[in-house]
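Note sheet for the following structure.
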Amino acid sequence: MQLSSTQPSSKTQEPSTAQDVITMQHILEKLYGANSISRQESQALFGAIIRGELEASQLAAALISMKVRGEHPDEIAGAATALLADAQPFPRPDYLFADIVGTGGDGTNSINISTASAFVAASCGLKIAKHGNRSVSSRSGSSDLLSAFGIKLDMSAQDSRQALDDLGVCFLFAPQYHLGFRHAMPVRQQLKTRTVFNVLGPLVNPARPPLALIGVYSPELVRPIAETLKVLGYQRAAVVHGGGMDEVAIHAPTQVAELNHGEIETYELTHRDFGLDTHPLSALQGGTPEENRDILASLLQGKGERAHAAAVAANVALLLRLFGQEDLRQNAQQALEVIHSGQAYQRVIALSARG
């Protein structure tokens, strides 16, 4: 089936519409009573949050209430819709493109697999608009690594779109597009625990990709986030958790929930499904942004560790499947050939030259 670049839905009722019918206090009272709220109510709540309209105590209570009960896909989708409605604009292309991103917070301090995978995927002919931020749990998040490579984080939306057109890859720095996040940051820092904001990052790419490979920090999130992507209108996506990592893993089985035109299938993948050798998690240990830069520079020039190449190849292979290349073994081999050729590193150099 030919894939189209149908835009995930983000144009729904404005948050104020919900507030005309149901007061913010009523929404908060529902949360305090351990009740779920509708997508419209969640959109209204998070619209108020990113406009700075909630007191710190109200915000903290709402976030903890949702966390203790467990966030529902409609609630997460409503929050994402509010953030996307408030995001700075990005000139969305009409061709097929994807994001590859993780929630972070898995605590493994691994190398930047999804960032390396974005460059390899672009060298395989895909278009990747990667949404990223500073580190959540490791010593080096995607944006930390890009800075170490000399890639501009504050590239304009138009220049980023041009890079996507020309190089097949661009990076969108979350704080540049989501200004309202700042209103929640003090409370999030005080709470010192994961909240719904930890899973929102991968769902609010301002380019609104129709395809996505999203890693989550807990296996319990795999199915709910896939359900959320369905609500948001994604065309095809895979949500993964592998052996404690927010990535496709080669050291342990990977749990997958794949969304394909409104249908969700759950399954498990191992290194054998990709025709790859297994490697221990310790072989993927990362370091500072500068150390990770050196590791990935070596990898993307075809001179890296076998474990690093295999980890990236597995993730690129599943990403290729989302574009319609269904054979994971062939996809992994294609990714390895690109890695060994050094083509991916040329894209790093080209992107860093776009000052």
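Glycine residues also receive a Cβ, built from the backbone N, Cα and C atoms like all the rest.
Features as listed in Swiss-Prot:
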type	residues	note
BINDING	GLY102, 105-106, SER110, 112-115, 130-138, SER142	5-phospho-alpha-D-ribose 1-diphosphate binding site
BINDING	GLY102, ASN133	anthranilate 1 binding site
BINDING	SER114, GLU247	Mg(2+) 1 binding site
BINDING	ARG188	anthranilate 2 binding site
BINDING	ASP246, GLU247	Mg(2+) 2 binding site
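Overlay of Swiss-Prot feature records on the structure.
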residue : record                                              : contacts (Cβ under 8 Å, 6+ apart)
GLY102  : 5-phospho-alpha-D-ribose 1-diphosphate binding site : SER114, PRO202, ILE214, GLY215, VAL216, TYR217, ASP246, GLU247
HIS131  : 5-phospho-alpha-D-ribose 1-diphosphate binding site : ASP99, VAL101, PHE171, LEU172, ALA174, GLY201, PRO202, VAL204, ASN205, PRO206, ALA207
ARG188  : anthranilate 2 binding site                         : LEU63, THR195, PHE197
### Query
Where does ARG188 (anthranilate 2 binding site) sit in DSSP terms: helix, strand, or coil?
helix
### Task
Find, among the binding-site residues listed as SER110, SER114, ASN133, the one whose Cβ has the highest number of other Cβ atoms within 10 Å in the structure shown.
SER114
